[in-house]
Structures are given as structure tokens and as C-alpha cells.
């Protein structure tokens, strides 16, 4: 049940951020779907693994891959689909707690939260990088039907 609620809430928050970033109307639904898919993967991987790095990496990777696929399908830049979708993974609570502990004078807790936040931020950037590199390397690759001239299935 928590996966369904997380999927719907991440979809709606991505819709809000897509509208805030003035994305074209025809890209709002798909960019929100990319964000919801990424957050769903984040929650599923988070159920199986401790820590925050691997779930954030997997969520960012799948957000990036789905954003690249939607960008090709709609003939629009991939950034329109990735940025609103990745907002759900940004470690806002970690940043807040880091600053709160620094202001409160609890430097050891602040440093622990700082490193956790930096781990999530680096996982997000690395996941987007992996998705982009994979998309760029497969850009010229096309699936084609074999020509009739060299069809090995054809009986003579």
C-alpha cells in the first residue's frame, strides 16, 4: 500500500514541479511518470537494502532512462523529463538536518548528516550520468528487419 501512495504522491509532486519549471504541457504527464517510476524504484530498492546510496542510485538511473526514452518518443530535450522527475529524490531533509545541527552546535551530528546528504546527491548525479551515457551510446543503434536478399530463413 505504501508503494501505491508513494507512486501517486511522487507523480503529483512532479506535476507541480513541472508546472513550476514551465515545461510544455505535452511533457508534464510523461515527466511526472518518469519521476514516479524513479521514486517507485527508490522505494523498492530501499526495502531490500540498508543505506541511502544504492536506492538513490537506482531511482536516479531509472528516472534518467525513462526520461531519455520519453524524450526520444516526444522529440523533446531529455532535461524536460529528468529535472521534474528527479526532484522527488533530492535529500531535502538531510540538508535541513545538516544546517540545523550546525546552527545548534552539534557538529558531529551535522557532519554525519552532511556525508549522508552528499552520498545521496552523488548517487543521484551518478545515476543520471549512467543513464545519459547509455542513451548516448545507443543513439545510433536501430533495429532493422533483415533484407530479403540476405534472409537466412528463406528456403530455396
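Note: Cβ is positioned from N, Cα and C throughout, glycine not excepted.
In TrEMBL, annotation is done automatically, which means it is predicted and not curated.
Residues or ranges marked as domain 'Threonine/Serine exporter ThrE' by TrEMBL: 7-133. Here the domain 'Threonine/Serine exporter ThrE' (7-133) has a mean pLDDT of 93 out of 100.
Taken from TrEMBL, the feature transmembrane segment applies to 6-23 (among others). Long-range contacts of the transmembrane segment (6-23) within its own chain (CB-CB distance under 8 A, at least 6 residues past either end) are made by residues 29, 31-36, 38-40, 43, 80, 83-85, 87-88.
According to TrEMBL, the transmembrane segment annotation covers 28-45 (among others).
According to TrEMBL, the transmembrane segment annotation covers 51-71 (among others).
Annotated transmembrane segment per TrEMBL: 78-103 (among others), in sequence order.
Residues or ranges marked as transmembrane segment by TrEMBL: 109-134 (among others).
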